[in-house]
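Before any comments, here is the structure.
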């Protein structure tokens, strides 16, 4: 039996009296010794997946690394850094940097930092100023017609992304993680090929993320995806966005606030499938109030280039009639994402994959091959950066410390950076009805104070869902300004199962939008056995 003592954190290298206990170099060596001693017991841990026939583990002396991560996005960097901090010898490979991803370009930081959350949020901020100038007139500010330099904004955005890319590289360097530039390919259960050189690792972590996909219609090659939308050389005056998911909804709001004529085409009756129904309906109403052109229950048929270089999109309605939206500067497809596993070589090691190539993992992020793991978007679980970070952290504990740790995907807060924002944690009403026999629903819609004087017609919406049998909060939702910031705080309440009665005991901050969530006392409707009570 091997008894493992958890390694000390960097902060504990000195005793409370201030006397040196162990130098950082000695500490790192100590951790590596611990990991080496525990490596065999890790394989025997309770998280063991079925071994594939014919796969034979290599001898410990033959391994170059304890952990080899393919992909340096959010999940890969977190798994690599924490594994190294715990004492493992770690390497990570990543494609060379570029703002637009391809088979030969990527960059340390991954989708979120380089072509997702961060640049998108910078575009959200940039577009918000336009509405702010208009709203200010109601508060006495003189009307202005400010100009916007798209080129200046894009240059500033790129500088920030380059800074973050370098910051992530330094994070790996400071954690003593070896960064190898190039595309990684699995060539065996313990082998990764990068640029023709084969590296051997006790554990391989697949963290290659995903990429935008297009639907197969004539003219698809004329369309852009979210990658290119973040790198447009000029601000579009007119754009049509195909897709009503969160990416399509967010970019619709961004371009609309920049003053661009924006059309959004989607197949369902409401955008944001999978979110709470009331929130979906409310946000669609706010978008139309903002001047955005929504085309629900419609599908794109064809995209054509006009003689002047602009684009026309042909769209089919639910009744099979068609119409056209002409003179688009761009047509964007926000029609889903697929994992970057096409050329990863997972089949050579016998790794099971699912729809679109997602890597199938168990609750500990382990594949059917005991030495291969996966975290982040490539697994097809919750495609959120904080979730990938959580999965990477849990994985490091499982592999290196021999502390089997399951990442929890329950009550994870998220946001759609629309205009207004949508923040959510827990279950929507439809999902709650499937899980619970009886629920109480509290809703509130109002015109926020900031919009009364400004003349801005947009409203806010809040919703609380309660398991009526236990009084526990099971879902909280908001559509309105700063919804993401507000719901992050209330996520603690839902995650830890506080009751509606306990929420009612909280004194609100006045005047604020958030106080509405602690002052809703009367249920809008009570649902018993799936039926709304009269």
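Placement of Cβ uses the backbone N, Cα and C atoms for every residue, glycine included.
Same-site candidate for NAD(+) binding, as annotated by TrEMBL with 243, 244, 245, 246, 247, 248, 249, 250, chosen from 336, 345, 350: 336.
Considering only the binding-site residues 184, 243, 245, 336, the Cβ with the fewest other Cβ atoms within 10 Å is that of 336. Shown in sequence order, 75, 111, 209, 210, 337, 339, 383, 388 are the residues of the chain, 6+ apart in sequence, with a C-beta less than 8 angstroms from the C-beta of residue 377 (FAD binding site).
Close to residue 249 (NAD(+) binding site) in the fold, though at least 6 residues off in sequence, lie 264, 271, 272, 283, 287, 416, 418, each with a CB less than 8 Å from its CB. Cβ neighbour counts within 10 Å, taken over all protein chains shown, single out 247 as the most crowded of the recorded positions 117, 247. In the three-state DSSP classification, residue 184 (FAD binding site) falls within a strand.
Other residues of the chain with a Cβ within 8 Å of the Cβ centroid of 243, 244, 245, 246, 247, 248, 249, 250, 336, the NAD(+) site, are 241, 251, 266, 271, 272, 334.
Rounded to a whole number, the C-alpha distance linking residue 247 (NAD(+) binding site) with residue 510 (active site, proton acceptor) is 34 angstrom.
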